[in-house]
Amino acid sequence: MTRKTLLPSLATSVLTGWTALQGLAATAEPLPPEPAQGVTAGQGLTEASTLRRLALEARAQALEPALRDALGEDFAGAWLDAQGTQLLVGVTSEAGEALVRRAGAEPRRVARSQAQLERVMEALNTHAREAPPSIHAWYVDVPTNSVVVLAQDAHLPRAQAFLARSQGAADGALRIVPSSEAPRPVYDVRGGDPFFAGSARCTVGFSVQGGFVTAGHCAPAGATVTGYNGVVMGVVQASVFPSRDYAWVKTNASWTPQPWVRNGSGGNTVVAGSTAAAVGASVCRHGNTTGWMCGTIQARNVTVNYAEGAVTGLTRTNVCSEPGDSGGPWLSGSQAQGMTSGGSGNCTSGGTTYFQPVNAVLAAYGLTLKTGSTP
């Protein structure tokens, strides 16, 4: 049996499914307000047009795989128009156009099928290691029925050699688009993760707008710090030790400060604020050497006489710590308390640890603590 003899029955099944989807949409519960509000605000739409768009998107998600199966090699991708009011489907045959119309979508006749474009992509992916830095990205662009290659300079010899691997340049499947993107990975800043300043290893305290806070004795102002992955995080903007023990690091574009602290279960605790806990309250901390430890607050506004000099305004706890834990976050519930300063003992025999209250560094440098809410 040929594909052509299959088309009528397939069209009927797609049409039946589409009709059912339309009926379901008419009786569906209202969409949750959060997505609708986000689309309305982000795209400047009215509430009514937003709801229509989201309803169409929901139907399109169900229809696209059905059309993909029914059209087979004739399928050339599906997309919403610029206004978000119509589902467009690329096809390579007249029979495919008829099927798409019967399913309630709008066909667009194109030269290449989705499968053909994906074969071009596969060829590029196979040789991805040969792509020079001037080639930034490549992808199937269904509205233009092409494989887009984002490139800073596609005329360089290495770029030309890479593009020739696609076997799609000859028939126009490749479309070179000038780009200055230079994509890079973006990493999260999270309290409790390690960072390095020269040979010193410390722990991130809390994320703030534009960076993070930690202990002042970890690094002086002007020092460059790197993350757990060896990627440069940024530069210490200010640091105080002794007298106080705090510093703040301004992170670069490779890092995104998050309102999180690494917790004892391997997940994240969301920081909700920085209300100071009372003496006797439970408190927990995370350090990259000893992990998650808990105890109680024994005293506040303590002056500790380190060998380097006295530090005032610290909080005393019965929690242990060890080298490398310095700068790490302390929480009471979801409230940020401070960053590890120092102490005595260890986590084998027990000990005492002092932390620098976080509100002091926020006030000193006009910083805003990154906060969130637990889902």
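Just so it is clear, glycine is given a Cβ too, placed from its N, Cα and C backbone atoms.
TrEMBL entries are annotated by machine, without manual review.
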From the list CYS284, CYS320, TrEMBL names as the disulphide partner of CYS294 the residue CYS284
Disulfide partner of CYS218 per TrEMBL, picked from CYS202, CYS320, is CYS202
Measuring Cα to Cα, tell me the gap between HIS217 (active site, charge relay system) and ASP245 (active site, charge relay system) in whole angstrom.
-> 6
DSSP-derived class (H/G/I helix, E/B strand, else coil) of CYS284 (disulfide bond) | strand
Densest Cβ neighbourhood among CYS202, CYS284, CYS294, CYS320, CYS347 (disulfide-bonded residues), 10 Å radius | CYS202
Rounded to a whole number of Å, the separation of the Cα atoms of CYS284 (disulfide bond) and CYS347 (disulfide bond) comes to 14
Tally of DSSP helical, extended and coil residues in the domain 'Peptidase S1A alpha-lytic prodomain' (112-167) | 27 helix, 13 strand, 16 coil
Nearest to CYS202 (disulfide bond) by Cα distance: which of the recorded positions CYS320, SER326, CYS347 is it?
-> SER326
What does DSSP call CYS218 (disulfide bond) in the simple three-state scheme?
-> helix
